[in-house]
Amino acid sequence: MASVISSSPFLCKSSSKSDLGISSFPKSSQISIHRCQKKSISRKIVSVMAPQKDRSPGTTGSVKTGMTMTEKILARASEKSLVVPGDNIWVNVDVLMTHDVCGPGAFGIFKREFGEKAKVWDPEKIVVIPDHYIFTADKRANRNVDIMREHCREQNIKYFYDITDLGNFKANPDYKGVCHVALAQEGHCRPGEVLLGTDSHTCTAGAFGQFATGIGNTDAGFVLGTGKILLKVPPTMRFILDGEMPSYLQAKDLILQIIGEISVAGATYKTMEFSGTTIESLSMEERMTLCNMVVEAGGKNGVIPPDATTLNYVENRTSVPFEPVYSDGNASFVADYRFDVSKLEPVVAKPHSPDNRALARECKDVKIDRVYIGSCTGGKTEDFMAAAKLFHAAGRKVKVPTFLVPATQKVWMDVYALPVPGAGGKTCAQIFEEAGCDTPASPSCGACLGGPADTYARLNEPQVCVSTTNRNFPGRMGHKEGQIYLASPYTAAASALTGRVADPREFLQ
């Protein structure tokens, strides 16, 4: 066991790989995956450990020098046999995503630098998703979508998820919603690839075992023209989470726990690689929550080794060939952190920083004005299922306004169509109505980042809000004096019922 370096009884860290005892993992957890195509994926995947040693250098990297997952992905994308942290390399990009906030600027820079009549490097590798400032009367926000539409038509962009009827999102079959959830649902997230996006939470896609990170408009403009980007290879921190997940915890609790341990600067320009038995037990949506917030710790990217859960999700959404990679047994990590998840409690991040961690039960005297359930972090189908489960178990009505913003059209439909397990066939929407919540809103980023004054559920007053979103900086959801407590859907729902920050164990046993 590694030495304890924190006052927390749940965390151990070792500065060397040998201290961690890699050899203690059972041999049966090794895996063997060859190049994957739809319907031809190995079913022998049982864990997330390094591949067997008889693999060729072409798929495992250097035999003498081990590499991490991120290093292998970047080595392959740069056509090198070996890369090490600190290397500056030109990387071939598999997918570039942009949205209505940054898309016009990225295309503008592309035209300025490459010429008004220049063509993008590959119109089938660019994904354009309106999602931020959508359902608003703000003319400038609406103009951004118009500009993207013009560029996508001109460039024959295949994957432009357009919206034209702002009064009825369901009248727009191409419209999806929040980019990071839509990317996964539409099959753009694939193990072993490089995915870049003009949004800091692009790191969400690392849940699929790929290198995914956010970039600025200037870099995006260059990628539009060349399909390449200059990157510095990041060192990798490893987070090993073991133990049975308590029924009252969610991935949001795990990532808030981690950020609280290492701080918002603790992973600056580093990869955060997650593994362990707890990670293996998580669904894809929960893994997405985990990777979504690595940037709140300063991380360059987050990554989870792909396993059967990953491949089952991906193969049902794409026919594009992909090749998973895994960290070598002799790969170098700059730090190892180990958590016993079975001993963790529900947590929140108090204003005004994601690392201002506290136990939910320690904040029981904090009165709140509203609850917000939504965003790329906490607006997925399983997030709403969790909130509905708690509401149903409690059998009570909310004491504060509770706003629900599904991330995508698919999530919105799931809220109205899928029965909540153990609720007698009731859907989320039915349970939310019985609990007195607001009607689920049109899918978008909504009030997560404030937005125009008429944005649904925006904090226009200095109120206290419990939110399933990812940031709680001053002004993040609107009013500069607003106070945001970041929490899991369970904790958010419990807080809605009590009118204060609440521990979900009050309602979940």
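Cβ from N, Cα, C; glycine included.
In Swiss-Prot, the [4Fe-4S] cluster site is described by CYS445, CYS448, and among CYS203, CYS291, CYS363, CYS376 the residue recorded at this site is CYS376. The [4Fe-4S] cluster site is set by CYS376, CYS445, CYS448; from the centre of their CB atoms, other residues of the chain with a CB within 8 Å are ASP131, HIS132, VAL178, HIS180, HIS201, GLY374, SER375, THR377, GLY379, ALA407, SER444, GLY446, LEU449, THR469, ASN470. The Cβ of CYS448 ([4Fe-4S] cluster binding site) lies under 8 Å from the Cβ of TYR372, GLY374, SER375, CYS376, SER467, THR469, ASN470, ARG471, ARG476, MET477, each on the same chain and at least six residues away in sequence. Cβ-based neighbour count (10 Å, all protein chains) for CYS445 ([4Fe-4S] cluster binding site) stands at 29.
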